[in-house]
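*Asks:* Relevant sequence annotations retrieved from Swiss-Prot are reproduced here:
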type: BINDING; residues: T68, P69, A70, G71, E72, G73, K74, T75; note: ATP binding site
Amino acid sequence: MPSIKSDIEIARAAAKKPIFEIGAQLGIPVEQLAPYGHDKAKVSAEFIAAQAGRKDGKLILVTAINPTPAGEGKTTTTVGLGDGLNRIGKKAIICIREASLGPCFGVKGGAAGGGYAQVVPMEDINLHFTGDFHAITSAHNLLAAMIDNHIYWGNEENIDIRRIAWRRVMDMNDRALRSMVSSLGGVANGFPRQGGFDITVASEVMAILCLATDLKDLERRLGDIIIGYRFDKTPVHARDLKADGAMAVLLKDAMQPNLVQTLENNPAFVHGGPFANIAHGCNSVTATKTALKLGDYVVTEAGFGADLGAEKFFDIKCRKAGLRPDAAVIVATVRALKMNGGVKKEDLGTEDVAALKKGCANLGRHVANVRRFGVPVVVAINHFVSDTDAEIAAVKEFVSRLGAEAILCQHWAKGSAGIEELAHKVVELAESGQAKFHPLYGDDLSLFEKIEIIASKIYHAGEVTADKAVRDQLQSWEEQGYGKLPVCMAKTQYSFSTDPNLRGAPEGHIVSVREVRLSAGAGFVVAITGEIMTMPGLPKSPSAERIFLNDQGYIEGLF
C-alpha cells in the first residue's frame, strides 16, 4: 500500500502557474499586479476601484460544527468547493484568511487547506507570506509606542495611565506576555504601568484592515480607535495623538488583497486573518467584494463553528459591508460528531453509531442557527479514512430529517473530483432564490440585549451574567453614541457554552461576560466570556517541536 503524502509534500509537487496567468483568468492586467516572487501577488487599489460598477456574483459561506482540537477541514472544504465549482464550469474564486504563526507553531497547524485541496505556495502562506501580519503588528505597536511617548513628554492629553486600553501585540502564542509591567528601570524609561500583549489576530488593527473598504476608510477607522481615557473619563482617540496617518502608511500595501492559486490553478484571495473565537473571524471585505466583481461564485469561510464564525460573518461582516450570502455549507466530520456524542479523542477511529447519533444534535443546532439568518444550508461530510458506511448513513439520515441534504465529500483525497456533487448542490441552492438574508438582531437594541440575543438564540443559554462594572461600561458606551454597534462574542470554539468540555447541544447554561472592550475603529463591541484568552499559550508539545529544515534545505513538519 503506497504511503499517504503529507500536505507539504503534495503542495511542493504542485504544477503552479505564474501568478500573472492566474490574474489573467480574472481579467487583471499585469501592470495591476504587484508580484511577490512568481506565485503570489497583490492586486492594486486602482484596479479594485475600477470594478465598482460590475454586477456581483453569488456569495457562498463555508462554516462548520464545533470542532475537535485538530479542526474539521473547513478551509480544505472551502478550497475544494472552489475547485469543484470551477470543475463544473462555474467561474469561482476562493476567499480565505491568512495564517497566524501562533497556531502554526502551536496545535492547529497551517491555514492553507489540506491534501489535494490546498492553496499554494503553502509554506509561504503559512509563514511570512506578503508581510501583511508584520505590517499590522507594526502599525498596532507604533500606536502603543506613541501612547507611552506622549505621556513621557508631558501628557498634554491628560491620559489616565490607569485607564489605557491599548495593549501591544505579536504574532505568536506566548502566555508569559499576557500581563506585564512596562517602563521599569528608572525615570529615563517613562512611567511604569501595567499592560500586556495580545496575539496579532486579536488586534483591532487586524479587524479594521478586514472591514475597511479603501485607504480613506482605513485611515478614518484607525483615527477612531480609542486608546484609553483622560482623567475626566472622556475617550482619547488615535487621531488625538496624530498616529492615524503613520499607521495608515504602514498598512497601505497590506490593504491590497493577495492573489494566489489552488493546486488545480484556480484563483484564490488570501487576505486578513482575525480569529473567530477572539475576533470576528472573516477574511477582508476588500478581498470578498473584489472577488464578487470578478467571479460568478465566491466561496469564503468563517472561522471555527457556526456559533462563532458564521454568526459574526452575518452580524458583523455582512451587516457592515452590505453583503448578502446566497447559500451556506456546514462542514461536519464523523469524528467531531462522535466527540460531541461523548467519545474520547483516542477512540474516535472506532465505529460508534450510537455516539454519533447523539452528537448529531450539535450539527442540528448549527443547521437551525444558519437558517435563522435566512440562508439555505447544505451539509458537507468531510471524509476521513476511519469513517464507516454505517456512520456516514446515520449522518445523512439525520440531516434529511431536518429538510436538508448531507453530501459525502472526498476532496482531501481526490481534489475537485471528490466534491462535484456538493458543487452542483451549492449552485442549485444559490440559484434557487431561497436566500432571504437578515441579521439576528437590530441596531437599536441595547448592547446587553444584543449579547443576550446571541446567547439565547445561538448558544441556547438560559442566562447571561455580568457584574455591575461590565453593565455600567456598556451603558457608558451607549451614552457616548456607540449603542448601535454590533457585538463580537469572544468564546471558546469547542462548545455552544463557555465551557470547552460541554459538548453536544447544551441547553440552559450560563454565559458569563467577564470583560467588554470597545473597538470603535472596527465598529463593534467585544464581549469576553469564560476563560477565553486574547493571547493564547503553546500546548505541552507544540507543533514547533516537529518543524525543521532537512538536508536539502526544505521545510519539514509544516503539515
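Residue 1 is the first one shown; counting continues down the chain.
Every residue gets a Cβ built from N, Cα and C, even glycine.
Keep in mind the model is a prediction, meaning the values are calculated, not measured.
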*Asks:* Name the residue among the binding-site residues T68, T75 whose Cβ has the smallest number of other Cβ atoms within 10 Å.
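*Replies:* Selected from the binding-site residues T68, T75 on minimum Cβ neighbours within 10 Å: T68.
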*Asks:* Taking the Cβ of each of the binding-site residues and counting other Cβ atoms inside 10 Å, which one has the highest number: P69, G73?
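*Replies:* Ranked by Cβ atoms within 10 Å, first place goes to G73.
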*Asks:* If you count Cβ atoms within 10 Å of the Cβ of K74 (ATP binding site), leaving out that atom itself, what do you get?
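*Replies:* Looking across every protein chain shown, the total is 28.
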*Asks:* How many other Cβ atoms are found within 10 Å of the Cβ atom of E72 (ATP binding site), counting all protein chains shown?
*Replies:* 23
